[in-house]
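Among the features that TrEMBL reports, transmembrane segment is placed at 7-27, 65-86, 98-118, 146-174, 195-217, 254-276. The domain 'ABC transmembrane type-1' annotation in TrEMBL covers 61-273.
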């Protein structure tokens, strides 16, 4: 019994930090708070019915799908490309590995503020680049047709180092003998990548993609600081919708119900993802 006592502090901390907020959120999703009388009453499934019948919820989920797919695809392509580049031996390689980590370790709010300056319509770097190419300036964060693209680009820059670091670790674990044998057999660069690199990284790639999808689906601060879900709710993804219900409409029950539905989506997706991976490996 004594060894288990050492686990007690960590168990209590987990209960307080994780399980209590989760249970409180579930309870809140079944209630309605009246800010005028400062009273709370149970409403059963009423909040969930409101959510699934609300067009803004499905619109936010559609935008979340675009946000997740484009962000994760961009993060993976850029991150994997940097990993392949940094896996080679060239002068300054170690310094570059440290520099690449900077976006990942920076706070999301700081990154959002930096990108808001880059996207500034008057003196932003993006418009300077467009002007240098002879193209018209754009209102990156004020144009509903460009705002989602703008936040996706910022999110790719923020998260691609995670892919780079994990892929580098996987690449370092591949024996050089396999590449040497492939060269002897006449395999091209693409052939070595396809038949040596990818098979050895398959498990790492599957885990990285799953984590990035879940993280991106739940990501809040970058989009909120850049656009607050605008313009015209063009970037109002699901976490931004939760914030609007909670802090603008003060409907905490509705906000909690959206958050619970998001959690269920994450759980169902993760289960299906792992199931499909195991079926393909069998």
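Each Cβ is built from the backbone N, Cα and C atoms, and glycine gets one as well.
Sequence-distant residue pairs (6 or more apart) of the transmembrane segment (195-217) and the transmembrane segment (7-27) include fewer than 3 whose Cβ atoms are under 8 Å, leaving the two stretches without contact. No contact links the transmembrane segment (146-174) to the transmembrane segment (7-27), because fewer than 3 Cβ pairs that are 6 or more residues apart lie under 8 A. Highest Cβ pair count under 8 Å relative to the transmembrane segment (254-276), across stretches 7-27, 65-86, 98-118: 7-27.
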